[in-house]
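Reading through the structure tokens given below for one structure.
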Amino acid sequence: MASQRVFPLSCVVQQYAWGKMGSNSEVARLLASSDPQARISEDKPYAELWMGTHPRGDAKILDSRISQRTLGQWIAENQDCLGSKVKDTFNGKLPFLFKVLSVDTALSIQAHPNKELAEKLHLQAPQHYPDANHKPEMAIALTSFQGLCGFRPVEEIVTFLTKVPEFQFLVGDNATAQLKQSLSHDSQAMASALKSSFSHLMESKKQLVVEQLNLLVKRISQQVAAGNNVEDICGELLLQLHQQYPGDIGCFAIYFLNLLTLKPGEAMFLEANVPHAYLKGDCVECMACSDNTVRAGLTSKFIDVPTLCEMLSYTPSPSKDRLFPPKWSQEDPYLSLYAPPVPDFAVMKMEVPGSVTEYKVSALDSASILLMVQGTVTASTPTAQAVIPLQRGGVLFIGANESVSLKLTVPEDLLIFRACCLL
């Protein structure tokens, strides 16, 4: 029935150790706002909220007219709700996973393979690479959100090699000299030198890494104690990462990778083969449905340094180039669109002032998932018999070609994110 193509969802919370604790977590705060009966444990991490059909976090449908099922089960029996193009392109499955992340501890130096490499890794080591899909991701900040993304300009890396002798020791004299010389050569020579120097660092013997890291931590700690500014060598961040992951090679990666601090609403897109790490803050994230992650540091999970060093895109760029700006809609003054260059997903952000009494969520030729970050409304559709109350933390599944009217029940601004697939 058409009336059952729009319904609220109960989504899965993942309590990974790196998440923010209790009510410090935006995930926990959204959960508490959407469900007054939810009990938030202040001594537990609330790391991720999963909104989608992933086997490890398939959302439950909250609709008395639909027998108790998960969203994945329902879509399998109602594939037309995906939209014709999405259904045909992605074999009758929802192609994206929508999330909220609350990060307190750094979340691994990593990259995701393209489809070709994903298929190869899955064949070779399915225990570590459990599927054959790529995993592009996009993070949109909800609060100040800090992360590492892509290689810094080589000039910046060379400056760190001069200022941080412990870093230069691990990269080695030859690779350092090659990188400095590449500044006067073409981009191909620069990429080759960057790959050589990064690989030398990441393949360093553990004992040497621990020794050099201890020396650097001691030196920075003494400078901080003396009241000196250590910003020019990312001193505070180095101490923070070392405290979280003592003796980890990933601590040195900050000298190779751009450090971004996203303001709320700013985004970064992580295409295949781009090295990155989330460090701290809250964001919404959308990604292709995959679990393929190649890691090399700041993690307790499986590490695959040779694969990571071989696969990476060694294209340096300034940090401002890693920002992914949205485009404002011509038709809707309250809507902006984050549409990365992949077919799997896009995200819409709707900021509606509280003075507006009713807002229409347009129909798309795609299933979508809507998250209320701020505001209180009732949702109705032309075909539904009853309205659906939605408040902060509420999640709504919207079938393809369904429009939804949101009536503000409290005159406060709305902040809404909507994940979809625009083919």
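We count from 1, first residue shown onward.
A Cβ is built for glycine as well, from the same backbone N, Cα and C atoms used for every other residue.
In TrEMBL, annotation is done automatically, which means it is predicted and not curated.
For 6-154, the entry in TrEMBL reads domain 'Phosphomannose isomerase type I catalytic'. For Gln110, His112, Glu137, His276, the entry in TrEMBL reads Zn(2+) binding site. According to TrEMBL, the domain 'Phosphomannose isomerase type I helical insertion' annotation covers 170-257. Summarising the annotation, TrEMBL assigns active site to Arg295. What TrEMBL lists as domain 'Phosphomannose isomerase type I C-terminal' is 337-381.
Overlay of TrEMBL feature records on the structure.
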residue: Gln110; record: Zn(2+) binding site; Cβ neighbours (10 Å): 25
residue: His112; record: Zn(2+) binding site; Cβ neighbours (10 Å): 25
residue: Glu137; record: Zn(2+) binding site; Cβ neighbours (10 Å): 23
residue: His276; record: Zn(2+) binding site; Cβ neighbours (10 Å): 22
residue: Arg295; record: active site; Cβ neighbours (10 Å): 22
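Mean per-residue pLDDT, taken over the domain 'Phosphomannose isomerase type I catalytic' (6-154), amounts to 95.
Note: the CA-CA distance between His112 (Zn(2+) binding site) and the residue listed as 'active site' rounds to 9 Å. For the residue listed as 'active site' paired with His276 (Zn(2+) binding site), the C-alpha to C-alpha distance reads 10 Å. The Zn(2+) site, placed at the center of the C-beta atoms of Gln110, His112, Glu137, His276, has further neighbours from the same chain whose C-beta lies within 8 angstroms: Ala111, Lys135, Leu270, Val274, Pro275, Thr293.
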